[in-house]
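A.B. asks: Dropping the structure in here first, questions after.
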Amino acid sequence: MMGHSISDGFGNKELDAASLPSSQGQRENPHSIYKVGFPPRRNFFREFKDTLKETLFADDPLHPYKDQTRSRKLILGLQFIFPILEWGRDYNFSKLKGDIIAGLTIASLCIPQDIGYAKLANMDPQYGLYSSFVPPLVYAVMGSSRDMAIGPVAVVSLLLGTLLQNEFDPVTEKEEYIRLAFTATFFCGITQAALGFFRLGFLIEFLSHAAIVGFMGGAAITIALQQLKGFLGIKNFTKNSDIISVMKSVWGSASHGWNWQTILIGSTFLAFLLCAKYIGKKKRRLFWVPAIAPLISVVLSTFFVYITHAEKHGVQIVKHIEKGINTSSVNKIYLTGSYATKGFRIGLVAGMVALTEAIAIGRTFAAAKDYQLDGNKEMVALGTMNVIGSMTSCYVATGSFSRSAVNSMTGCQTAVSNMVMSAVVLLTLELITPLFKYTPNAILASIIISAVVGLIDYEAAFLIWKVDRLDFVACMGAFLGVIFVSVEIGLLIAVSISLAKILLQVTRPRTALLGNLPRTSIYRNIEQYPEATKVPGVLIVRVDSAIYFTNSNYVKERILRWLRDEEEQLEAKQLPRIDFLIVDMSPVTDIDTSGVHAFEDLHKSLQKRSVQLVLANPGPIVIDKLHLAKFTELIGHDMIFLTVGAAVMTCVPKAREDV
């Protein structure tokens, strides 16, 4: 007897084929072939419940609560919302030591970056520092990533600044601009928390890896180009972010708007920062060099400007950073009216980008250190963090890859490193901000340029080109959209191409002609295996997708086209005609009513040609629906087989003998 089991997917076909003893054994005992089984019928509510569970609760978050007492369930619930209650029980001095070192290191990196990123968002420098004080504290309590460092990031800052200045001028309408920024941050947090609470985190997966690579690369170039204003000392600079407008503004100011002292400061420290980054990359044990290089650059350049009074020679400086911790901004958030609507729209876009970056960072480090990260829980934590941040004068914060990498490499053990960073930022706001008065804008531009260089992942783009050209189109579409139009258009292109690719794959699934591998009962794609031979009188087609209303007609037409082409070739060679068309259903995971109707139409078309339709290895869901639609009775139960080999052996034994 042949001990087969019904296979739902393509991956198990090798096992099924390998379990066949031999073609000779099959011919000797043809009646021992197993038939396709019908799964037990489930009621509608049970099926709906299981589908809903797999869609929204695929990670089975309620499993730990099973068979627990009420008090234990309460404790587990609190630990789920506040992970600090779980890992805090095992916290010790050894972990604290690693977290303090990591926290101090990322603080030295984040302070100069925050000042620069705030300017990128067209906001005063203190708002960048505010956003690295409150949000990291909230995340340390609610977040589950041990390595992610929280604060403003370049891409989100640029996106927020671009969208906000379309509504208000950051100079002449400064108060309204700031209020809209807080409103956008509030709705950003609401969106993120809602996605996590309702278990809709899978929605961010619609932005493909290729689109993200292109978007991030384009955003990095756009950010670097925006920094030419501070790097070259240009006073009158375009508000547009596209490369053409920026280059016109740069070259238009070349004769009278560039300041050589500013260029000297910027280029000198940019070279220093890039060298530090190169050293840290080449020698892993010197990872701390690029981490403290930005702060060293700020200290040295500020001291240089102060003693030389370079600001009197056209070198633009920060001038003033407001001293003190975050003030309440609850009353500044628009909750009604047209500005609330605008804030929601901006917050939605910024929130999705921030989520995509944060979840990618969290998963990267969780995989590297072998611990689990609940994406939906992270979304709730990030959303709550931004809601609270919007009420304490912060703008959108998320996970920073550069700071998270430094945080991980310096030996962080828990999210306490974020608390240490917040404490340092607090001391900076209370005591040190006046010292930044003479910090040149050129050094902030250099810090941002050196930070965003790493976002241009040309190696990933080249790999995408080699592996999948359609993915490369998505990558380049997002990249070119960002640098030639705007950040929001680039994001729209990235999402559109990603969705278009999904639709293309769903509406035009792959099909293949199968042939028999010599001296086996295995049937495989004849393009992949040229040595595979066709069975006389039989056409074997495999459908590599679920069959839904979006592709059912295409599948039917494609199968008929395979048949037409094969018959034309046979007629030209004066070979026997096709008597059987076997459809390998192994990869077909599901089928809807449109798919069933398409197969009924296919059966009618084949009958007119005197060709018998045969199905091989339909999965449990597929065979159940075909049975309920009485399609199995239409073609006959004896025309449905467990394997392609069994179908060929039973339907055309003479043809099988000749193979």
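Just so you know, glycine gets a Cβ as well, placed from its N, Cα and C.
Keep in mind it's a predicted model, so treat the numbers as computed, not measured.
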A.B. asks: Which stretch, out of 379-398, 639-658, is listed as transmembrane segment by TrEMBL?
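C.D. replies: That would be 379-398, the stretch labelled transmembrane segment in TrEMBL.
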A.B. asks: Thinking of Cβ pairs under 8 Å, which stretch from 177-198, 210-228, 286-307, 443-465 has the most of them with the transmembrane segment (418-436)?
C.D. replies: 286-307
A.B. asks: What is the three-state DSSP composition of the domain 'STAS' (528-651), stated as helix, strand and coil residue counts?
C.D. replies: 63 helix, 21 strand, 40 coil
A.B. asks: Counting Cβ pairs under 8 Å to the transmembrane segment (210-228), which of 258-279, 344-367, 443-465, 477-500 comes out on top?
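C.D. replies: Answer, by Cβ pair count: 477-500.
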A.B. asks: Sort out the residues at least 6 away from either end of the transmembrane segment (286-307), same chain, that have Cβ-Cβ distances under 8 Å to it, and list them.
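C.D. replies: That would be 105-106, 108-109, 111-113, 265, 269, 272-273, 276-277, 279-280, 315, 317, 406, 409-410, 435-436, 438-440, 442-443, 446-447, 450-451.
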A.B. asks: Which of 258-279, 344-367, 443-465 has the most Cβ pairs closer than 8 Å to the transmembrane segment (177-198)?
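C.D. replies: Highest pair count goes to 344-367.
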A.B. asks: Do any residues, 6 or more residues outside the transmembrane segment (443-465), come within under 8 Å Cβ-to-Cβ of it, and if so which ones?
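C.D. replies: Same-chain contacts beyond the flanks: 112-113, 115-117, 119-120, 154-155, 210, 213-214, 216-217, 219-221, 223-224, 227-231, 265-267, 269-270, 273-274, 277, 294, 297-298, 301-302, 318, 401-402, 471-472, 475.
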A.B. asks: Averaged over the domain 'STAS' (528-651), what pLDDT does the predicted model reach?
C.D. replies: 93
A.B. asks: May I ask for the residues of the chain that lie six or more residues beyond the transmembrane segment (258-279) and have a Cβ under 8 Å from a Cβ within it?
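C.D. replies: Here the qualifying positions are 230-234, 286, 289-290, 293-294, 297, 300-301, 304-305, 310, 313-316, 440-443, 445-447, 449-450, 453-454.
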